[in-house]
Amino acid sequence: MSRYSKFHFSAKDSNRSGWSTLLELLSYLWPKHQPMMRLQLVGATLLMIIAKVSALGIPYLYSKVVDILSKTHGQDLVYIPIWLILGYGLIRIISSLCSELKDTVFAPLRFRVMRTITLRCFEHMHNLSLKFHLNRHTGAITRAIERGSEGVETILRVGVFSIVPTLIEALMVIIVIANLYDWRYTVLVCVAVLAYFLFTIWFTSWRIQIRRQMNEINNEANNRALDSLLNYETVKYFGNEAHEIKRYDESLERYEKASITTQMTLNGLNFGQSLIIAVALTSVMLLAAHDIVMGYFSVGKFVLINTYLMQLYQPLNFLGSVYSNLRKSIVDLENMFSLLSQDPEVDNHKDTKHLPANLSEAGPAKIEFQDVYFGYDIEREILHGVSFAAEPGSQVAIVGPTGAGKSTISRLLFRFYDVNSGSVKIDGQDIRDYIQSNLRAAIGVVPQDTVLFNDTIEYNIAYGRLGCSKEEIEHAAKLAQIHDFIQSLPDGYQTYVGERGLKLSGGEKQRIAIARAILKNPRILILDEATSALDSRTEQEIQQALDRVAKGRTVVTIAHRLSTIVHSDLILVMIDGKVREQGTHEFLLAKNGFYASMWAIQAKQSDE
């Protein structure tokens, strides 16, 4: 599968339901060993209940004031309604205060949960195998995390303390109406509320499918834009700006149509909800007006039920868009949790061992490949029974044609993948028995294409050993022969290198990679065609720096130019995933095999 294959999630793909997603989210609201978070949730819930119960008293006091005002005259008005009015105002203040306090108490918990889940997902992405990331579009992954994070915030803000309180309030209003009025009013209100909820759920469930399609189209449009901008130079080389604009516009056109459909369905949802509310209110008011005329109850009770219904339907009317956002957020959260459900293909064993990582701590390491078979896919095997040993402090070079499996050796050594059969050992122990972070701390690499963070030169060098001093950074830069260049820049070590380090030349990036390796001080150093893309003069300068950093370590050099590995202790010639020849430079030349023919070809090209 291509790195730029289409990438999206759905509930079907992840085999998750909305309920399981919500239950998993709620587990973060009640974490173990976090009493303060639990206390915040309990406090916010109590404040919400007080606010809702207080709100129920507002229409009741209001109706009493109406009844008294409609029956009393003269000086009785001085004291009887005033106390009711003051009580009415006090309850309003209590309801409003508790509602705001509830949001204040819950806000830290809400944002802490959002942070915890987002961080866990980010950490999990780093724990997944290289294969997972090569088969996914990075932009789609980051958008899934971003939308999932926003979904967490929406569900907690809207779902927990908007939809749930509305349901509770609806139930309490129905109970109050059942106690104060006869069964006809209770039936009308129950039918109206039930119809409202059923219509909202049915319509929104249909809309969510359209929303999923719109998200997928949006992902495609964003992926195309990202690919085009990341390959800016390639687009310019071939003059294909118009082609890129057309492709992007095709995606935007599809997104535009999907957005219009989504908006039209939202309008339909809102109208249907308003129609149910209008019919219910009209029916109840007609019935109440009839009962007043018949003398069954007072004007105050007419006002009371009307106020209760208005108080109930106001949040219900808002519930449509809220429920729609909630369902969208659940889908986004499902996508995020589906990332978390991805099992790492390469994982630490239960009984892992410690591997000394620092050169000064344990000296150079021994590397052994024993009958290793490996393939990135089951159908296509790359390595076929590869065996070799690199003694501590020795230099081993791996050469061969493109596609022979040379770089695969370094990926297996870093344990980005596990072998299909055989074993890779360091210091006589299978690397699967070491903690992954511990294993990788013992290995440094200078790759062919050094990718830098869009940060300062100082940060990128210090990435080899976070927390090192400025003096150590400058010392590493001097050994890598880049200190003078950095000092010549206006901002020196604080110079930003641009995205992927594109503001620097290939040689400058390689020197930064060497400085990183020096700072890391690993026991094993991998040079993965570190000079193959450089001109002869720069290659010679970089090679001198590499020789300096390689001294005293076990070095594995993956090379294209044979002139850079003539002094290696062992040279492996790989063809079609097998070690066809091995030995020193002189031995392989005398053997007059594939290595000798490669040497002759490169020597001839050099003379020309």
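Here, residue 1 is simply the first one shown, and the rest follow in order.
Cβ coordinates are placed from backbone N, Cα and C, and glycine is handled just like the others.
What TrEMBL annotates here:
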TRANSMEM  41-62  transmembrane segment
DOMAIN    42-328  domain 'ABC transmembrane type-1'
TRANSMEM  77-94  transmembrane segment
TRANSMEM  155-177  transmembrane segment
TRANSMEM  183-204  transmembrane segment
TRANSMEM  274-297  transmembrane segment
DOMAIN    367-601  domain 'ABC transporter'
Top partner of the transmembrane segment (41-62) among 155-177, 183-204, 274-297 - counted as Cβ pairs under 8 Å = 155-177
Looking only at the domain 'ABC transporter' (367-601), what is the mean pLDDT?
-> 88
For the transmembrane segment (155-177), find every same-chain residue at least 6 residues outside the stretch whose CB is under 8 Å from a CB in it, and list them.
-> 22, 25, 29, 44, 48-49, 51-53, 55-56, 60, 102-103, 106, 109-110, 113-114, 185-186, 189-190, 193, 305, 308-309, 311-312, 315-316, 319, 322-323, 325-326, 329-330, 333
